[in-house]
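What TrEMBL says about this one:
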type	residues	note
BINDING	His44, His92, Asp176, His180	Mn(2+) binding site
DOMAIN	19-100	domain 'Manganese/iron superoxide dismutase N-terminal'
DOMAIN	106-209	domain 'Manganese/iron superoxide dismutase C-terminal'
Amino acid sequence: MSFLNRNLSRTIKAAVRGKHTLPKLPYDYGALAPIISKDILEVHHGKHHQTYVNNLNAVEEQMTEAHSKKDVNKVVELSKNYAFNWGGHLNHSIYWQNLSPTKSEPSADLKKAIEEQFSSFEQFKKDLSALSIGVQGSGWGWLGYNKKSKKLQILAVSNQEPLQAVTGLVPLFAIDVWEHAYYLQYKNVRAKYVEAIWDIANWKDISDRYAEATCN
């Protein structure tokens, strides 16, 4: 099925189930401080993510109407906007769950896979950090799972590209390196933000995602 056809299918399903909504954070806005300040979370979640949700709902309505009229040109015209806002909503929904004020450790299975593929957990952190810091402009650093090779992979994507739709990798852990994720606190020093975010990584959530990806 083509990416465009998958979009149309999701559009129709969305029209049936109702509009997308902003997911509630599993912690208070101030819970991730001092790594991520309350001010950043209020703006990032309450403003930026909400905008993706609003825009996604709007473009889905437009695509559903265009599809009902069999206006393929309009559907194609809207598809980039749809993909951008769908990616923004999906990526952020994973990102919030990937973070936690509660310390955790990777599951034994995930830790073993990381150590086998990156030689050590510390080397994995260095590699994903460097990849995320090096993103040109806006984007994301990801740890994903490749179902074909049955291996973990790290990858950077631009803007709001949804990882699985673009690369086929199942998303496990996201590092948001758009400036709105850190600028109010870290200014232009992205490296400090990336280094700090490891202290609030929710390894229970990441491990659960890995377990689900490897059993399906």
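Heads up, residue numbers simply count up from 1 along the chain you see.
Glycine residues also receive a Cβ, built from the backbone N, Cα and C atoms like all the rest.
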Residue counts (helix, strand, coil, in that order) that DSSP gives for the domain 'Manganese/iron superoxide dismutase C-terminal' (106-209): 54 helix, 24 strand, 26 coil
Counts by DSSP class (helix H/G/I, strand E/B, coil) across the domain 'Manganese/iron superoxide dismutase N-terminal' (19-100): 57 helix, 1 strand, 24 coil
Cβ atoms near His92 (Mn(2+) binding site) (within 10 Å, other residues, all chains): 25
For the Mn(2+) site built from His44, His92, Asp176, His180, further residues of that chain with CB within 8 A of the site's CB center: His45, His48, His49, Tyr95, Trp178, Ala181
Residue with minimal Cβ packing [other Cβ atoms within 10 Å] among the binding-site residues His44, His180: His180
Neighbourhood of Asp176 (Mn(2+) binding site), C-beta criterion under 8 angstroms, separation at least six: Asn91, His92, Tyr95, Trp140
Model confidence over the domain 'Manganese/iron superoxide dismutase C-terminal' (106-209) (mean pLDDT, whole number): 97
